[in-house]
Structures are given as C-alpha cells and as structure tokens.
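Below is one structure, written out as structure tokens; comments come after it.
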C-alpha cells in the first residue's frame, strides 16, 4: 500500500527524465532530419550513430525494442483479461468470460479473446499507409479515456467509500462534510480529470482513426452490455446488490493485508456507532 505509490511516483519521474534526456542526446548526435526520415526506428538509427559500437548497438537496440514491445503487449493482455474476468464475476457481462485454466489458474478465455482482438487490430493497422500512426491513434484514445475514468473513479470513491483505509493519499486534499461524514476531497483528482479530459478532447479532435475506432469500440461494448443485462432481466444503469464490505474484507484477507483489514473493521465499527447515535 505504501511501496507501490512510491514506485509509481519514481517511475513517472524516471520516464520524464528519460524522455527529456533522450531528446537532448539524440539532437546532439544527429540532426532532426535523420529522425524525421526514420520515424519508425529512431532509437536504432541513433544507436548506429554511436562511435565504435554503433555497428552492434543498432541491431541490439532494435531487438531490445521488439522485446520491450512484446512485454508491453503482454502487460496489456494481462490487465484487460483480468478486468474482463471480474466484470464477468460481478454479473456485468456473460459468465462465459470467467472460465479459469485448470492448471495455470488464469482467465483463459479472456486472454484468448483479447489476444485475438490485439492481433486483429495489428493486422488491420498494417493495411493502412502507416501502421505505427494507426496503432498510436488508437492507443492515444484508449489511454486518455482510461486515465480520465481513473480520476473520476478516485473522486467517486472518496464519497462512496470514505471508510476504506488509505495508507497512501495523494497530496492536496480538502476536508469536507458530506451527508454527516468527513471526506478528503482530492484537488489533484479534479485537476487530473480536467487535464486528461482536455487531452482526450484534443485526441478526438485531431486523431481521425482514434475518433472513429475509439467511440465505435465503446458503443459496441455498451450495446453488448445492455443486451446482456436486458436478456437476464438486470438493470442497465444500476448495480446488482452486493455485500461490498464483505468482499473488501475477502480481498484484504487474500492479499494478506491484515493491518489494513483491522483498520477497515475499526472504521466500519465507528461508522455503525455513529449511525446508531443518529437514530
């Protein structure tokens, strides 16, 4: 709970420093025209220009880039497959997706589905004039939409789940009273929502493929969701009743976060006590 945020913050600054340093170093070795002419493999071109080791560094950089791309694709499949698995577990989509491999204990069907979708997108991208631009356009829409939803969820959970223990809180919080409860309103959450939301608007405005493929994918998924919920007699814009507190305790127990579990139980006991006093 405290290690991951520190790692994430360090990673953010590392990526920023790397991006600035790479641009400065690259323009110090080669003119920008070289990068413009080799937009699909700028790192390999830069590595080849290094004295003495350039002959080896160029192919090595290309191979390393391919390996990193493979790892990134695998990370995307891991995340999307697990998310879809839990959507299925909570009855948001068909239970067909929550099948688990008997040996590896992984959501096998969601992995196969999203691997197939990724392969299909890649093949279609190579049918366009610039595969990299096509993939980048789709990624830009998906990434900015995802981050916008994360910020909105952060603000929502501060209101709906004020009792959940938070060992790490982002800075710049304002103490507010909401329905008799004290909450920490995240100022950075609002700034992030506005900032990333503006970027999302610009992506839709300036990326033609992302403007078409992104909303089309969302519309398709929503239509499937609405059809499934309607076919099962479930509400479309309302959640099914769940014992979220019990499930939260089960998650903390399975993760062996026993300190957080105790804090959560104490917070719930204080909440119940205040509710009893109000009655």
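Cβ coordinates come from backbone N, Cα and C, glycine included.
For the ranges 89-108, 209-228, the feature annotated in TrEMBL as transmembrane segment maps to 209-228. As annotated in TrEMBL, transmembrane segment covers the listed stretch 111-132 rather than the other ranges in 111-132, 243-264.
Listed by sequence, the residues of this chain that lie at least six past the ends of the transmembrane segment (138-159) yet keep a Cβ under 8 A from its Cβ atoms are 121, 125, 178, 183-186, 189-190, 192-193, 196-197, 199-200, 203-204, 207, 209-211, 213-214, 218. Residues 92-94, 128, 133-134, 137-138, 140-142, 145, 203, 236 of the same chain, all 6+ positions outside the transmembrane segment (209-228), place their C-beta atoms under 8 angstroms from a C-beta of that stretch.
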